Amino acid sequence: MPASLLRFLALAGTAVGLTTNHNHSPSCRVLPGDAAWPSSRDWAKLNKTLNGHLIATVPQASVCHKSPFGQYDAQACEELKSSWDISTITHVNAPGDVLSQNFQNYSCVPFTDPSQPCQLGNYPSYVVNVTGAADVQAALKFAQKHNVRIVIKNTGHDYLGKSTGKGALSLWMHNLKSTKFIKNYKAPYYKGPAAKLGAGVEGFEAYAMANSTGHRIVGGTCPTVGIVGGYTQGGGHSILSSSYGVAADNVLEWEVVTADGRHLVATPTRNSDLYWALSGGGGGTFAVVLSMTARLHRDGIVGGTLLGFNDSAVGNEVYWEAVAAFHALLPDFLDGGNSFTYSVGNNSLTAYGTMPGADRDAVDRLLRPFLDDLASRGITPVVQPRVSTNYYDHFFTYLGPAPYGNAAYFPFTNSRIIPRSLVTDPKSNAVVTDLFRNISQVPAFSPFYCDSFSVADKPHPANSLHPAWRTGMLLCAPAGSWDWDASPEEMAARDRYAAETLQPMMDAATPGGSVYLNEANHLYANWKESFYGDNYARLLRVKKKYDPDSVFYVKTGVGSEVWDVDATGRLCRA
């Protein structure tokens, strides 16, 4: 038995024994301290079954606290503080940690007093370092026998707390890193190059693999996000979406383990209902995904640009008129397979353009309508066009440095998929512009980040992506920041403000839109309609077919209404 597991079992009464020593009815999952909690012998037996792949959770920030793990190291703690909130590798490679500060719950973080005991809080009690289907099957069997909560974590980029849970046994998919290039995938629904990716493959690894074979693949703007996990299962927007659709549109196969331990492959023609649900219906809900096979696209040159402008020469009113015009000009640009990802503040806009296949002359032509409009308003923008020889080079030019990128992380995220029709109509475009303007003036939630796309006509097998994506043009989210100098009560109030004030404001200004289920607030009340729309009833039928006992629970996931997390963190039947 690994020393870490032995140490954890010895500390179980102090580190995680936070509940009273009582039995709880089967309607609730057990927690450490309950009489029904698995014994040390049970956990050791599971570890043997898993060939030593069971990890006792020891939070990274235990180095910042003097008890109970005995790892206090002031210098290591200072180093951890400097990288704690960065969306690169600090939490990605940690078995039990998650990135969202509001789900860290102040239980064991670098910013509290060293005398405060390091407690697991919302973190899982144990983690399975999954190496294949057999590990998942053994963990699911153990969890159901002992009534232990199951969670699934890949990289921990998770705004809604789906990948963690108090007292849980976590399936850590992060080290399933296999990649396979398929030169000519053949199926009734697709013939061409493809890639089979293990569940733990991150964006930067998928991009490198595709690049090495002369291809590109649809993935996210943060390169440390796991491309196979909740990203694609929830839809997956990309700077390539206007050319190839969202990530879910590109999936050819899902390899999974179901709640009852079956090892299945789901495609548009085999277990097609499960394929449909996994392709847009959200991660952690229907089955445990081991791998994904997705389309690759032939690589080539990619035009790019930095485009920025502000109100310094023309005043704020003219600046906002220019923002409205920028949006009105986007449809033609996007329909050519191009995109902008950009941020909008109260007095400046900064955009990065992606134009697949565009040489320098084409880049200049594509930018001309935007530049002419700005010139007509007396605005001189910053424009830095360039042409990259391939997509990998383009991506890391604008979203690098390679391999981990520099994406900031904002835990209080709301989002809105804004219909194209609202920005092409001058009257409703003015309402959308007012929305941008109002949110940009809320200090803790500015700037407004947006990705633009056109995916209405992209070929794809039937999937469960919210229909609003097909009629949408923008996905926008305010940047809700965390402040470790503020009190927990102040941060909780900020969280509620995002859900109860900002999101309704965004909804009201954009009728016909929806909320992206991967980038949303966990307190949002209207999640069922906004995340899933008319697909929900069918998704629920698939959920009940493949997980009739609701083994898999994630906040705001399909079927999650049958569960509730109480004030102590215990998961109970609603």
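The backbone N, Cα and C atoms fix where each Cβ goes, glycine too.
Cross-referencing Asn23, Asn47 with Swiss-Prot, the residue annotated as N-linked glycosylation site turns out to be Asn47. Cα of Cys572 (disulfide bond) to Cα of Asn105 (N-linked glycosylation site): a span of 20 Å.
The shortest Cα-Cα distance between Asn47 (N-linked glycosylation site) and any of the recorded positions Cys77, Cys108, Asn129, Asn346, Cys476 is the one to Asn129. Here is what falls inside 10 Å of the CA of Asn438 (N-linked glycosylation site) among the recorded positions Cys64, Asn105, Asn346, Cys450: Asn346. When the recorded positions Cys64, Asn211, Cys476 are ranked by how far their Cα is from the Cα of Cys118 (disulfide bond), Cys64 comes first. Summed and averaged per residue, pLDDT over the domain 'FAD-binding PCMH-type' (120-299) gives 98.
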